[in-house]
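Q: Let me begin by handing over the structure; questions about it come next.
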């Protein structure tokens, strides 16, 4: 293995070459912390909480722009890497973290900056709405495109399966929750656009949740028959909190919207004009949201047991995919807090607040270790380049060793 001094001397060009889509999981995680400050059940309207919400939002926005620039440079400077990455059975799945990370930015831009401070007025809101539709298009491409790639161009097995399989389909669920946030604010300006946005969001969450539940069925089979993933891969057991928690939150937002927007005062639809439709949909959505919260709680217990079991055996190494811990736990906390407000329940409020603090501590731990490894540049690893490096090393064994990018990480 290379020493820290040797790793730190890696040129910046090599860092760009090894900058993978998995970095956008950091955007998702940091964005979830901003959302937790915004939704915290105690004092979230006070100035300190608003300031922290904005601090994390602008930090996340800065990182998002930086990561986009480095990613663009990567594929311009090394165009062949795109083909290697998209065919890699694990790394390619992280392409879904890009639109999901963008959604966390849109949530605060709409829910706080536009709705509370009225910054930019109608024009700013419509601009965010347009960006959301772009995000939806990318999410659809990630979902259908990557699932198709998994079926036709990649090799997968039950033995190698991890919860990372969920990433392409969760993009639709995350986009749907952002659509729910947008719809509630759009209702003031254009009820027709708002209703269309919310219906589109229900369409997205229906497909994303259906696919996620199918994959979770396979995943629980993998855990029972083969066992929990070992080493750093054990952290992926937290991923199921993402689709269940985020879908529950999206469905809850849909119920709140329909309760306020229905019945319509125009058109010939008996369903849309019935006085009871909005309330019925609201009750159904609340019940569905609670069921999904219960499922997320189940997966949370499984995840904690799996991690504790692994820690009794060995130390879990810190890798870039440790960022996968933050977003699933963050959305579970957000759903818990939202249900506390819906039920006016001290239990949900307190549990949501505790879990939000837990998620913030996780974020702090992961962020500090990431900064340390960014400094010595050892965290920049691209699994899809391993095969390329091994091939080159085999062909040129007598002449030289493998290039700078030879890495041994098992990033999911």
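Cβ coordinates come from backbone N, Cα and C, glycine included.
Reproduced below are the annotations present in TrEMBL:
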- 21-43: transmembrane segment (TRANSMEM)
- 49-72: transmembrane segment (TRANSMEM)
- 93-114: transmembrane segment (TRANSMEM)
- 126-150: transmembrane segment (TRANSMEM)
- 162-186: transmembrane segment (TRANSMEM)
- 192-216: transmembrane segment (TRANSMEM)
- 280-308: transmembrane segment (TRANSMEM)
- 320-341: transmembrane segment (TRANSMEM)
- 347-368: transmembrane segment (TRANSMEM)
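Looking at the shown structure, can you explain where the listed features end up?
A: Same-chain neighbours of the transmembrane segment (280-308): 209, 223, 228, 234-235, 237-238, 240-241, 244-245, 247-249, 251-252, 254-256, 258-259, 262, 316, 329, 332, 335-336, 338-339, 342, counting only residues six or more beyond its ends whose CB sits under 8 Å from a CB of the stretch.
Residues of the same chain lying 6 or more positions beyond the ends of the transmembrane segment (347-368) and with a Cβ under 8 Å from any Cβ of it are 29-30, 32-33, 36, 40-42, 322-323, 325-326, 329-330, 332-334, 336-337, 339-341.
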Q: Can at least 3 Cβ pairs under 8 A be found between the transmembrane segment (21-43) and the transmembrane segment (126-150), with each pair 6 or more apart in sequence?
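A: As far as Cβ distances go (cut-off 8 Å, pairs 6 or more apart), the transmembrane segment (21-43) and the transmembrane segment (126-150) do not touch.
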Q: Looking only at residues six or more beyond either end of the transmembrane segment (192-216), which have a C-beta under 8 A from one in the stretch?
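A: Apart from its flanks, the transmembrane segment (192-216) reaches 129, 132, 136, 139, 143, 147, 165-166, 169-173, 175-177, 179-180, 182-184, 186, 240, 243-244, 247, 250-251, 253-254, 257-258, 261, 264, 292.
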Q: What residues in the same chain, six or more past the boundaries of the transmembrane segment (93-114), come closer than 8 Å to it by Cβ-Cβ distance?
A: 20-22, 24-28, 30-32, 34-35, 38, 50, 53-54, 57, 60-61, 64, 86, 120, 124-125, 128, 131-132, 135, 138-139, 142-143, 146, 150, 164-165, 167-168, 170-171, 174-175, 177-178, 181-182, 185, 327, 412
